[in-house]
Amino acid sequence: MWVCGALCRTRAPAQLGQRLLPESRRRRPASASFSASAEPSRVRALVYGHHGDPAKVVELKNLELAAVGGSHVHVKMLAAPINPSDINMIQGNYGLLPQLPAVGGNEGVGQVVAVGSGVTGVKPGDWVIPANPGLGTWRTEAVFGEEELITVPSDIPLQSAATLGVNPCTAYRMLVDFERLRPRDSIIQNASNSGVGQAVIQIAAARGLRTINVLRDTPDLQKLTDTLKNLGANHVVTEEELRKPEMKSFFKDVPQPRLALNCVGGKSSTELLRHLAPGGTMVTYGGMAKQPVIASVSQLIFKDLKLRGFWLSQWKKDHSPDQFKELILTLCDLIRRGQLTAPACSEVPLQDYLCALEASTQPFVSSKQILTM
């Protein structure tokens with residue numbers, strides 16, 4: 001997710017950087033390192049050595065694969081998406097930054113190839129996803145610690161598994177954790193065509209909630225509207241329509257939302273607040289407009305509106321690995337029942353990463369870029 005303003009940037013564990021040390025500098029075993037051999041390795045990865053424009057700093061490198069032993073797991077990556085948070089991390093504008101050089105990618109799905117003698121929770125053939133961000137999923141294969149992985153069922157679609165660990169988890173937690181919503185209650189959200197937005201629509205529909213979905217007025221507005229309604233959206237309005245006085249009559253027929261989900265900020269978040277029911281909550285999980293969230297004194301005093309933030313990485317820190325696994329299994333049940341699908345995706349071979357990076361940063365591109373290995 002895009003995050004604006006100065007953030008407190010914690011550093012990912014040191015072993016992330018150790019995985020990419022040149023052979024001459026390695027002092028202990030690591031999951032992978034830059035190949036010191038002139039012969040290309042069979043392990044390829046998208047690596048960045050400093051922060052900046054992803055198209056300029058990300059390179060396709062050959063890495064060495066460490067031996068599998070102890071609690072290590074050899075994973076062949078199958079697919080990994082490019083999320084806004086991945087772009088922010090490469091740019092250096094995120095709340096968690098791995099040590100450099102680093103492999104890009106925080107999300108994806110892989111298949112276990114081999115396990116060390118101390119591994120008890122996974123076996124060859126299992127599908128796995130990262131337990132936490134910063135693992136570096138834009139690579140063909142790697143050796144990870146068992147604790148860095150979570151198993152997922154292999155009977156769900158590959159694209160769903162590859163995009164399971166970030167956006168659907170964020171959507172579910174925001175719908176469940178901030179307001180006690182009952183069937184037929186309304187929520188309102190901006191950036192409705194984003195990965196989180198599409199997951200919100202589907203999970204809300206599965207829970208009997210109504211969604212009011214705000215979009216920018218784009219050239220393909222009708223196509224986006226049809227897509228969201230096919231996912232279960234009840235209402236789709238543009239940013240411009242939301243500002244019009246006619247919205248008062250709209251909310252005579254539709255209950256005012258008790259929950260607003262903001263990924264934009266600026267004027268867009270101001271409009272979400274304006275239409276919230278008294279006592280309602282706006283949860284901010286991104287800032288695509290790179291503008292502050294502004295609430296009036298009257299909204300806070302007379303409507304008692306609540307402003308909250310959500311970051312999945314912090315939620316994971318505050319909850320146990322078993323609770324995250326339970327969340328993943330809950331989402332997998334929705335996928336199996338046909339109530340949660342992956343966002344529209346474009347699969348791009350790893351070697352064509354520049355095309356994927358460019359598409360992922362272009363406006364009005366609603367298809368998520370997924371790197372295939």
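From the backbone N, Cα and C atoms, a Cβ is placed for every residue, glycine too.
Residues or ranges marked as transit peptide in Swiss-Prot: 1-53.
What Swiss-Prot records for LYS61 (among others) is N6-succinyllysine. For LYS61 (N6-succinyllysine), the number of other Cβ atoms no farther than 10 Å from its own Cβ, over all displayed protein chains, is 21.
Here Swiss-Prot flags LYS61 (among others) as N6-acetyllysine. Look at LYS61 (N6-succinyllysine): DSSP puts it in a strand.
Feature annotation from Swiss-Prot assigns active site, proton donor to TYR94; the stated evidence is similarity to another entry. In this view, TYR94 (active site, proton donor) is surrounded by 25 other Cβ atoms within 10 Å of its Cβ, with every protein chain counted.
The feature NADP(+) binding site is assigned by Swiss-Prot to ASN167, 193-196, 216-218, 285-288, 310-312, LYS368. DSSP gives GLY287 (NADP(+) binding site) a coil state; it is part of no helix or strand.
Close to LYS252 (N6-acetyllysine) in the fold, though at least 6 residues off in sequence, lies no residue with a CB less than 8 Å from its CB. Classification of LYS252 (N6-acetyllysine) by DSSP places it within a helix. Annotation comment: Swiss-Prot describes LYS252 (among others) as N6-acetyllysine.
Annotation source Swiss-Prot lists N6-succinyllysine at LYS252 (among others).
Reduced to three states, the DSSP call for LYS267 (N6-acetyllysine) is helix. Every protein chain shown contributes to the tally, and the Cβ of LYS267 (N6-acetyllysine) ends up with 14 other Cβ atoms within 10 Å. The annotation N6-acetyllysine is assigned in Swiss-Prot to LYS267 (among others) on the grounds of similarity to another entry.
The N6-succinyllysine annotation in Swiss-Prot covers LYS267 (among others) and rests on similarity to another entry.
Under the three-state DSSP scheme, LYS316 (N6-succinyllysine) falls in the helix class. Under the heading N6-succinyllysine, Swiss-Prot lists LYS316 (among others).
Within 10 Å of the Cα of TYR94 (active site, proton donor), not one of the recorded positions from the list LYS61, SER194, LYS267, TYR285, PHE310, LYS316 places its own Cα. By neighbour count, meaning other C-beta atoms within 10 Å, the densest spot among the binding-site residues VAL196, LEU312 is VAL196. Sequence-distant neighbours of ASN167 (NADP(+) binding site) (same chain, six or more apart, CB under 8 Å from its CB) are ASN83, SER194, GLY195, VAL196, GLN198, ALA199, PRO343, listed in sequence order. LYS267 (N6-acetyllysine) is 25 Å away from LEU312 (NADP(+) binding site) when you measure Cα to Cα.
Most other Cβ atoms within 10 A: among the binding-site residues TYR285, PHE310, that distinction falls to TYR285.
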